[in-house]
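Chemist: Sharing a structure below in structure tokens format, with a few things to ask.
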Amino acid sequence: MQNRFIDLYSDTKSKPSPGMRKAMADAEVGDEQKMEDPTVNRLRERVCELLGKEDSVFLPSGTMANQIAIRVHCRLGDEVIADRTAHIINAETGGPAANSGVMIRPIEGPNGVFTGEQVKAALRDPNSRNAPRSRLVSIENTSNGGFGTVWPLATMQGVAKVARDAGVALHMDGARLCNASVKSGVKASDYAACVDSLWLDYTKGLGAPVGASLAGDKALIKEAWRQKQMLGGSMRQSGVIAAAALYALEHNWDRLAEDHDNARHLSEGLANIKGIQIDVPRMETNLVFFEITKPGWTSAKLVDACRERGVGIGANTATRIRAVTHLDVNRKDIDTALKVISDALAA
Ligand SMILES: *Cc1c(COP(=O)(O)O)cnc(C)c1O
């Protein structure tokens, strides 16, 4: 076992760097709820610039950003169209139902990326007395359940046009929008221009300890503030964590290309290990999914065997495993992890 645990379980595993901690310690703070926190206010402005939106609100988590957006866009009984792998369906404890009383209509885009035609086909008849009302389309960029796939801008524009023509709102879960933007070279603001609401997560590839920002027009963010209050997400001297977010935007955005290179290196290495199957070109960004095909093995067994040898990976299904690169793992760590995985399978 090597000395340091190499944690590829998720990009949420990175820890705040010394520079980030210093920015946090030095942050000027005030009462966020009274708009008196200068660091939070700077972050609000920075996000508006970055995304080309009128206003933004700082939140404790991306999950809360999704939940607030759904509440703001929808009324009881409305329907939200999303890919079947979406985080809002699979990883928010039924929040859309519990918090907003909405139905979700899952559709299946290859790798989590669906088209305008698919949305059109899923829209309900607005004149029906029986059907729920289609109110919101939610897209994830990159798609987490879709192997970290980046939305082509034209595909997103196609979805936006269908939504706009139908009078349906469009929301983007931007937990990894920064990865999408770095990979595709499409500006975050060009993606943002397609949607009515979107958010950025600071705790994924950007490497901050807490927080997300939801952005949209002034009216939407005004209402989002009410929902933030209702859900208990209003904070006080949150400049301490907003400083980490500002630091992350400045220092950790462009370097994501390194994570993508490391993920590609990991994918290629995995492809050479007997008992593992991986579709290398499908892994576009920092998420790496692979299948265990060695007879008698499950993903849980490999996860345990790697953990004992000092490498963290995650079981996604009984045979599928996810490994994620981030700023706390370097190329050498990837080589070590590949050796560990290979040894574990050979044992
Ligand atoms: C992590 C994640 C979220 C939730 O973000 P948190 O900040 O952890 O609450 C939402 N959507 C996607 C796609 C994610 O990967």
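Note that Cβ sites are derived from N, Cα and C of the backbone, with glycine treated the same way.
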Chemist: Which stretch, out of 1-38, 115-152, is listed as region 'Disordered' by TrEMBL?
Modeler: 1-38
Chemist: Around the C-beta of LYS204 (N6-(pyridoxal phosphate)lysine), how many further C-beta atoms are within 10 angstroms, looking at every protein chain?
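Modeler: I count 27 other Cβ atoms within 10 Å of it.
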